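See below for the structure under consideration.
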Amino acid sequence: MEFVKDLKTPEDYINNELKYGAHNYDPIPVVLKRAKGVFVYDVNDKRYYDFLSAYSSVNQGHCHPNILNAMINQAKNLTICSRAFFSVPLGICERYLTNLLGYDKVLMMNTGAEANETAYKLCRKWGYEVKKIPENMAKIVVCKNNFSGRTLGCISASTTKKCTSNFGPFAPQFSKVPYDDLEALEEELKDPNVCAFIVEPIQGEAGVIVPSDNYLQGVYDICKKYNVLFVADEVQTGLGRTGKLLCVHHYNVKPDVILLGKALSGGHYPISAVLANDDIMLVIKPGEHGSTYGGNPLAASICVEALNVLINEKLCENAEKLGGPFLENLKRELKDSKIVRDVRGKGLLCAIEFKNELVNVLDICLKLKENGLITRDVHDKTIRLTPPLCITKEQLDECTEIIVKTVKFFDERF
């Protein structure tokens, strides 16, 4: 393109983005131009292991040929027609998703934030029409340190100052309880105006916080006791990331509502979904909720193939098989580190928490980049380790060496 012929070096691309784009992100200084499988490549063609996976969007690996072909083939025929009409791909996608996960209905949207916003509306409406909560009194309970997006509804449910500072006033009737605290949850759910409890099975953005083994079963039981909808936000934890198709499957519970996003397209297109049974989903009537792009034919075709890849290539099983040894190897190699506070995770949703009073975690990310692996810090103290689920044992062993080598580089300062 003639108008960008001045862009040649990584610095040129970085400065161009900073000049013309809003400063709502603070990226690691690497300029990526292509990707394949578990690898991304910068403008100088240096290869990196991707250990962020677009926040678990590319569970199937970057640019998977089957998903890409499904996308191209559908784009040649029909990309969008709006929900004013029926389309062939949408019904197929809806049937596949509901049968796969065991729910009556699915409502397709575009982003994880939209899935959460949809859940807020769905649960409130169910609260008024089924639970008979007085008008405008419906309350939704969420966990402290959750992350569901940055729309106004989502930040109304947030306790993260960076998300909420100077963005008020907020949507009312969100109550926050500590994560992994059943006693606090039960106390809150005694309020008859509570319609729903929305929870991440593992808190991702909080730093990969894994709850007690009995937590989600306890959540299920308490929600049933007080006639409150149990909503599992599986946008980040779902679709194989933790070693099961859904993270809640580890705990043998079935929430009333499931929220999905990210890997629903394998990173090729924004797709999200809300799943529930008829007694919940059908409180929403025509015209009461929707999206121009939600459930478009292109998204539906991509979604079906992304799920096919996940299942046919046994990526859930791969995450479960490799995740445990990966975590144990890191714990063993880093147990004597002066700067590591904790190593934790489930499947291939893992993290290392550092003693941020001793080390700048951003510096660790930059050193990892130098050593051929990219990821990002969370809350200035934790780095996320979430490779695509197609990673092999040999590749994961190499990445373990990179991570250990990087941590030991900083350990040598003490």
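Each Cβ is built from the backbone N, Cα and C atoms, and glycine gets one as well.
According to Swiss-Prot, the protein carries these features:
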type	residues	note
DISULFID	CYS154-CYS163	disulfide bond
MOD_RES	LYS262	N6-(pyridoxal phosphate)lysine
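Other Cβ atoms within 10 Å of the Cβ of CYS163 (disulfide bond) number 17 in total over all chains. Listed in sequence order, the residues of the same chain lying 6 or more apart from CYS154 (disulfide bond) and placing their CB within less than 8 Å of its CB are ALA113, ASN116, GLU117, SER148, CYS163.
Here the residue listed as 'N6-(pyridoxal phosphate)lysine' comes close to ALA54, TYR55, SER56, SER57, ASN59, GLY112, VAL235, GLN236, GLY238, LEU239: these same-chain residues lie at least six apart in sequence, with C-beta atoms under 8 angstroms from its C-beta.
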